[in-house]
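Notes to accompany the following structure.
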Amino acid sequence: MNPNQKIITIGSICMVVGIISLILQIGNIVSIWISHSIQTGNQNHTGTCDQSIITYKNSTWVNQTYVNISNTNVVAGKDTTSVILAGNSSLCPIRGWAIYSKDNGVRIGSKGDVFVIREPFISCSHLECKTFFLTQGALLNDKHSNGTVKDRSPYRALMSCPVGEAPSPYNSRFESVAWSASACHDGMGWLTIGISGPDDGAVAVLKYNGIITETIKSWRKEILRTQESECVCVNGSCFTIMTDGPSGGPASYKIFKIEKGKVTKSIELDAPNSHYEECSCYPDTSKVMCVCRDNWHGSNRPWVSFDQNLDYQMGYICSGVFGDNPRPKDGKGSCGPVNVDGADGVKGFSYRYGNGGWIGRTKSNSSRKGFEMIWDPNGWTDPDSNFLVKQDIVAMTDWSGYSGSFVQHPELTGLDCMRPCFWVELIRGRPKENTIWTSGSSISFCGVNSDTVDWSWPDDAELPLNIDK
């Protein structure tokens with residue numbers, strides 16, 4: 001083959017290779033375009049699954065439930081139409097209490113990122129229930145958890161997370177800077193109340209759907225404080241009780257009526273011989289019933305009931321089955337404060353049914369240990385100590401703490417009555433245990449008209465944690 005033939009042959013081969021390469025590149029471009037078109041077409045579509053609509057979108061949703069599967073957000077669509085929670089139903093008839101949630105926060109926090117918290121509570125809208133809690137601006141098993149036995153600090157905040165989940169930075173939502181708080185839903189939006197500031201000049205910041213709408217300044221300049229449980233909404237108005245003044249003597253107590261985050265009316269209770277703190281409130285046939293803590297001189301619990309005009313009645317639970325802690329042994333009750341072991345106290349609750357009531361209380365008379373529910377059919381009005389039902393919730397040997405009421409509205413449950421529920425705080429750490437921190441987990445129960453069981457659902461985390469050693 002002469003040189004010219006070699007050149008022609010090599011050139012022909014190069015041309016063929018170039019043409020093949022060009023064809024491959026064109027095919028690759030077409031393939032990429034087709035693949036992109038398919039992905040784009042599938043990015044936003046709906047499909048029917050058991051008559052429920054499942055929507056897949058690469059976008060952020062509000063008021064939806066997310067289920068995380070293989071890092072893909074599957075959004076289960078549901079009716080988010082606003083309604084006004086009427087609050088005009090009576091309490092559901094019940095035979096006992098069924099376990100609703102348990103978050104095991106301290107146990108999980110020994111290894112995972114879980115907030116140091118206290119004062120957890122639950123509140124429900126017509127769509128969902130949420131756990132609210134006061135953080136200490138710190139995580140369990142971390143150096144910043146040191147000294148969190150302190151109640152009031154600028155690091156505390158009201159946050160929320162799904163019921164039954166351990167409160168962590170990954171599932172929690174900031175609500176308000178607060179060392180005392182309340183929250184509730186009127187069917188259209190969340191009202192949050194967060195109190196923060198110095199003891200002699202604290203301010204309550206009211207938010208409606210996350211926007212500041214009102215502030216309330218301490219009027220007695222002596223630790224303004226509120227419920228540490230849910231406020232109550234009836235027919236578009238929400239109600240809360242605040243206390244300002246001594247914790248061991250007569251103080252000032254005010255009821256506030258709030259609409260869309262704005263205070264529309266308030267009154268001060270005329271209660272010179274009573275003490276109302278950390279009230280647990282619930283709606284019942286368009287009225288509001290609150291059962292509170294007497295930290296001054298009562299080992300039974302004070303109550304106040306009021307209508308939407310803030311006309312009120314008040315008294316003490318008469319039963320000789322005493323609900324506070326510390327308290328004397330059960331005996332003869334009183335429709336006024338029972339002074340024996342009446343100083344100090346713990347947040348608690350009861351539900352009234354006619355002349356009777358369900359009384360929630362610690363099992364121990366002198367320490368925050370154990371928890372039980374007692375049905376006293378005449379306890380609201382009769383001072384004897386007879387009761388018919390006792391249901392064990394936490395054993396005497398295990399720590400408990402604050403407790404409070406919350407309800408599930410008919411708009412959520414589909415029932416024709418208001419379902420009564422309660423939560424119990426399970427405090428761990430200081431001052432009773434050898435740790436540098438104070439925190440807790442929580443459990444909750446709802447009333448049912450069917451079979452229930454006695455058992456113990458304790459926190460049961462093994463202490464001390466690594467940070468304490």
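Using N, Cα and C of the backbone, Cβ positions are placed for all residues, glycine too.
Annotated in Swiss-Prot:
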- 7-27: transmembrane segment (TRANSMEM)
- 11-33: region 'Involved in apical transport and lipid raft association' (REGION)
- 36-90: region 'Hypervariable stalk region' (REGION)
- ASN44: N-linked glycosylation site (CARBOHYD)
- ASN58: N-linked glycosylation site (CARBOHYD)
- ASN63: N-linked glycosylation site (CARBOHYD)
- ASN68: N-linked glycosylation site (CARBOHYD)
- ASN88: N-linked glycosylation site (CARBOHYD)
- 91-469: region 'Head of neuraminidase' (REGION)
- CYS92-CYS417: disulfide bond (DISULFID)
- CYS124-CYS129: disulfide bond (DISULFID)
- ASN146: N-linked glycosylation site (CARBOHYD)
- ASP151: active site, proton donor/acceptor (ACT_SITE)
- CYS184-CYS231: disulfide bond (DISULFID)
- CYS233-CYS238: disulfide bond (DISULFID)
- ASN235: N-linked glycosylation site (CARBOHYD)
- CYS279-CYS292: disulfide bond (DISULFID)
- CYS281-CYS290: disulfide bond (DISULFID)
- CYS318-CYS335: disulfide bond (DISULFID)
- ASN365: N-linked glycosylation site (CARBOHYD)
- CYS421-CYS446: disulfide bond (DISULFID)
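Among the disulfide-bonded residues CYS184, CYS231, CYS281, CYS290, CYS318, CYS421, the ones whose Cα sits within 10 Å of the Cα of CYS238 (disulfide bond) are CYS184, CYS231. Of all the disulfide-bonded residues listed here (CYS92, CYS184, CYS281), it is CYS92 whose C-beta has the fewest other C-beta atoms within 10 angstroms. For the disulfide-bonded residues listed here (CYS124, CYS279, CYS335, CYS421), the lowest count of other CB atoms within 10 A around the CB belongs to CYS335. Listed in sequence order, the recorded positions from ASN88, ASP151, CYS281, CYS318, CYS421 having a Cα within 10 Å of the Cα of CYS184 (disulfide bond) amount to none.
Nearest neighbour of ASN365 (N-linked glycosylation site) by Cα distance, taken over the recorded positions CYS124, ASN146, CYS233, CYS281: CYS281. Each of the disulfide-bonded residues CYS129, CYS290 was ranked by the number of other C-beta atoms within 10 Å, and first place falls to CYS290. Across the fold, the C-alpha of CYS318 (disulfide bond) and the C-alpha of CYS446 (disulfide bond) stand 24 Å from each other. Across the fold, the C-alpha of CYS281 (disulfide bond) and the C-alpha of ASN146 (N-linked glycosylation site) stand 33 Å from each other. DSSP assigns CYS318 (disulfide bond) to coil in the three-state reduction, outside any helix or strand. Taking CA atoms as the reference points, CYS292 (disulfide bond) and CYS231 (disulfide bond) are 13 Å apart. Measuring Cα to Cα from CYS279 (disulfide bond), the recorded positions that fall within 10 Å are CYS231, CYS290, out of CYS124, CYS129, CYS231, ASN235, CYS290. The two recorded residues, CYS129 (disulfide bond) and CYS290 (disulfide bond), show a Cα separation of 20 Å. Sequence-distant contacts (6 or more apart, same chain, Cβ under 8 Å) of CYS231 (disulfide bond) comprise SER123, SER182, ALA183, CYS184, LEU191, ILE193, CYS238, PHE239, THR240, ILE258, CYS281. Distance between Cα atoms for CYS92 (disulfide bond) and ASN146 (N-linked glycosylation site): 44 Å, as a whole number.
For the pair formed by ASP151 (active site, proton donor/acceptor) and CYS290 (disulfide bond), distance between Cα atoms is given as 23 Å, rounded to the nearest Å.
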